[in-house]
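Database features, via TrEMBL:
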BINDING   K68  ATP binding site
COMPBIAS  352-367  compositional bias 'Basic and acidic residues'
DOMAIN    40-328  domain 'Protein kinase'
REGION    332-367  region 'Disordered'
Amino acid sequence: MAFCPIFCCGNGSDRKGRGKKQPPWRVFSLKELHSATNNFNYDNKLGEGGFGSVYWGQLWDGSQIAVKRLKVWSNKADMEFAVEVEILARVRHKNLLSLRGYCAEGQERLIVYDYMPNLSLLSHLHGQHSAESLLDWNRRINIAIGSAEGIVYLHNQATPHIIHRDVKASNVLLDSEFQARVADFGFAKLIPDGATHVTTRVKGTLGYLAPEYAMLGKANESCDVYSFGILLLELASGKKPLEKLSSSVKRSINDWALPLACEQKFSEIADPRLNGDYVEEELKRVVLVALICAQSQPEKRPNMVEVVELLKGESKDKVSQLENNELFKSPLAVGNKNDGISAAEGSSDFISEEKESKHETEENTEP
Ligand SMILES: Nc1ncnc2c1ncn2[C@@H]1O[C@H](COP(=O)(O)OP(=O)(O)OP(=O)(O)O)[C@@H](O)[C@H]1O
Ligand SMILES: [Mg+2]
């Protein structure tokens, strides 16, 4: 199937002035991207994800780019590419990583973004920058609010609305000022107006998946809210979304944090790399918001507009309502003195290796 871009407004052929506003994105030639990335040299590789590899590059004008080189051996990949191109080309917000251009030549499908010099949240929490402790509390709270605002834009302002479906630490990139830019809308599908959810392939990353999405493949905004809750806990605690307890059992970060929150032991949740240097009220708010987001019943989760409001702590009433939420009075959680393990066993987030491997093969719930 020949690749056919959904948009024509970004075509680079009409970029030479003539009084027209320059399009925000353009088509790159394969030659230009080969030369920018030193022929997709291994040393330029930033990492690899579900769709392919990402390379650092530099254009002739000195600007730095990140090029996602997609695996294109199936028609499905062509479709994914078209979807991502269309969605990204539409979306512009200070907390979203927008598309700078694309290239579709021969078998190659590439997407070009601005390079984010501070890489991803993942690299600071668990990766190459984790030892440097560059994420002080102020940066963390800004990243929390900024990324929430990016998702609010996707859910409420983008037309049609967009469900991200893959909110996670490697998809929150950090610019030179450590401002959050939520990336990767390759999983997102456009929600037709009036539809409350779309049933489709279960995608996303283990540990961040809302239980109803993992089981039924029903994606709506509240699945992103769940993933965002996991991301917030990760940001506050520095822990990974899933912790291996034994060779066959993993515990989710929310099952670990809920009993501690019920007992008001917020300092035990805080990332030790913060060395106690955080605003107690803010940490508590972040943790409570995170747990409200990452609860298993989707109808009880807040929406992202409410999440931003709560994170900012602007309404004292809403913050105190949050503290009094029934979730934090759960006898299951409070009674659990076992580091969250017994509570976790009954929950849908408690994943055995067997279930995990099933998820990794991607369930297709479509007929
Ligand atoms: N514009 C960018 N600037 C800097 N680093 C980037 C940029 N885009 C992606 N990366 C990094 O490159 C690596 C690979 O990204 P990629 O999106 O392919 O995989 P992923 O985020 O781990 O998984 P997924 O495919 O689910 O998004 C990640 O660590 C990501 O944070
Ligand atoms: Mg990514």
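A Cβ is built for glycine as well, from the same backbone N, Cα and C atoms used for every other residue.
TrEMBL annotations: computationally assigned, not manually curated.
Around K68 (ATP binding site), the same-chain residues at least 6 positions away in sequence with a Cβ under 8 Å from its Cβ are F51, G52, S53, V54, L110, I111, V112, Y113. The domain 'Protein kinase' (40-328) scores a mean pLDDT of 88 in the predicted structure.
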